[in-house]
Amino acid sequence: MALEMESMASEIGVSVPVLRFLLCFVATIPVSFIHRFVPSPFGKHLYAALSGAFLSYLSFGFSSNLHFLVPMLLGYLTMVLFRPYCGILTFLLGFGYLIGCHVYYMSGDAWKEGGIDATGALMVLTLKVISCSMSYNDGLLKEEELREAQKKNRLIELPSFIEYVGYCLCCGSHFAGPVFEIKDYLEWTERKGIWAPTEKGPAPSAFGATIQALLQAAICMALYLYLIPQYNISGLNGPAYQEWGFWKRLSYQYMSGFTARWKYYFIWSISEAAVLISGLGFSGWSDTSPTKPTWDRAKNVDVLGVEFAKSSVQLPLVWNIQVSTWLRHYVYDRLVQKGKKPGFFQLLATQTTSAVWHGLYPGYIIFFVQSALMIAGSRVLYRWQQAIPSNMAMVKNLLVFISFAYTILVLNYSAVGFMVLTLQETLALYGSVYYIGTIVPIVLILLGNVIKPAKPSRSKARKEQ
């Protein structure tokens, strides 16, 4: 068996641990499909917990489940013993343990060299544990003190331990996401809420959406395998790169970032298919006539939305969508004081949290600080664009194109840090293109403080609404 795995791994050009992970990861699709036929809510929770733990064991070994058990137990104990503080306690304990694992295993080095370990799955699990504790904490607060998302997701009663573990490991979603709320998981398992039978009949079939996700996965992997031999990390550090001029270096950085993204598109498409086939991916009915089922709960990426984003502000809405939603609900929104507007501090704190969640490599930190600058610069362009009168359509369209070009430039420049990880390599590669992706956002932010377009009057704004 070991020889067969080695032979198969060498044929497709990956390590044996990565091949083992991929096989288990793809296996989440049939495992999730079987979940549909398990009788009783308790049986479904038990199946979700055991199948998730078994796939983790096959993929990462027995120690992975011990690692997963630590934040799960810490989170559940804080809910049982310290409910008024369980949200912040679980946040600190969960991130503390995750950071410890990041430092101990230095997973980024393994990922960079084509290896894999359980830390990536632990990252997703940490978010699920924190969201559960915070939602249980929100159950103590008055409705008028809560935002809409908090009202929707809050837990009044403590989930049983088997419900909690089933949520954490369900559908293999701890491998690569998507992150979803425990309240949705419980309603899906018990066939309540949008999953309850209605006059339209039971929840719609997920097969069409699942096939679409699998086709997307196949296309993404094919494109990645075609591009990666030509545009990879080693090429960024090669002697040929040093001999190129500015434009060729910049274009190679763009293509390297572009190529790397297709790997993530593939992974997220497979995880989407697994959640869709289980039925959990159903998110309701559209407002169109006739109504159609929507499947947004499992969606983690909008490929065309990323590649053709007109503004950097759109990127969190189309890239790693469920983690971006988690960051907004559990970090960004909670840092905004009541009656005040969010600012750069909330944006930077959220991006820093995301960076620490990925790992403590300088490249991650720099990438997410760059992302905060990129979004802040994009907001300046948007304000200018909104200030252009409607009779100057050509100027407005020009600013839209500039915003699109700005997003492409800064995103792929910033992504270099995410790929190479080390401080020395990141700064050297940024310096090789004269720090253009850092300078342009800063210049835009400074200009935004000087060139301030007039805000439309309230009466005019109301008429337009």
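Every residue gets a Cβ built from N, Cα and C, even glycine.
Using a Cβ-Cβ cut-off under 8 Å and counting only residues 6 or more beyond its ends in the same chain, the transmembrane segment (12-34) has close neighbours at 2, 5-6, 47, 51, 55, 58-60, 114-117, 171-173, 175-176, 210, 214, 267, 270-271, 273-275, 277-278. The transmembrane segment feature in TrEMBL is assigned to 12-34 (among others).
What TrEMBL lists as transmembrane segment is 46-70 (among others).
For 82-106 (among others), the entry in TrEMBL reads transmembrane segment. Residues 67, 70-71, 74-75, 117, 119, 122-123, 126, 129-130, 132-134, 136-138, 140, 330, 356-357, 359-360 of the same chain sit 6 or more residues outside the transmembrane segment (82-106) yet have a Cβ under 8 Å from a Cβ within it.
Annotation comment: TrEMBL describes 206-227 (among others) as transmembrane segment.
Look at TrEMBL and you will find 264-285 (among others) tagged as transmembrane segment.
Sequence annotations record features per position, and here TrEMBL assigns transmembrane segment to 355-377 (among others). A Cβ distance under 8 Å defines the sequence-distant neighbours of the transmembrane segment (355-377), meaning residues of its chain 6+ beyond its ends; these are 95, 98-99, 102-103, 107-108, 119, 123, 126-127, 312-313, 315-316, 344, 347-348, 406-407, 410-411, 413-415, 417-423, 425-426, 437-438, 440-442, 444-445, 448.
The transmembrane segment annotation in TrEMBL covers 398-421 (among others). Among residues of the same chain six or more beyond the transmembrane segment (398-421), those with a C-beta under 8 A of the stretch's C-beta atoms are 108-109, 112, 233, 236-237, 250, 253-254, 256-258, 260-261, 308-312, 315, 361-364, 366-367, 370-371, 373-374, 377-378, 381-382, 384-385, 388, 429-430, 433, 436-438, 440-441, 444.
The annotation transmembrane segment is assigned in TrEMBL to 433-451 (among others).
For the transmembrane segment (264-285), same-chain residues at least 6 beyond its ends with a Cβ under 8 Å from one of its own Cβ atoms are 25-26, 28-29, 31-33, 35-36, 170-173, 175-178, 180, 184-185, 188, 194-195, 200, 203-204, 206-207, 209-210, 213-214, 216-217, 220-221, 224, 291-301, 303, 320.
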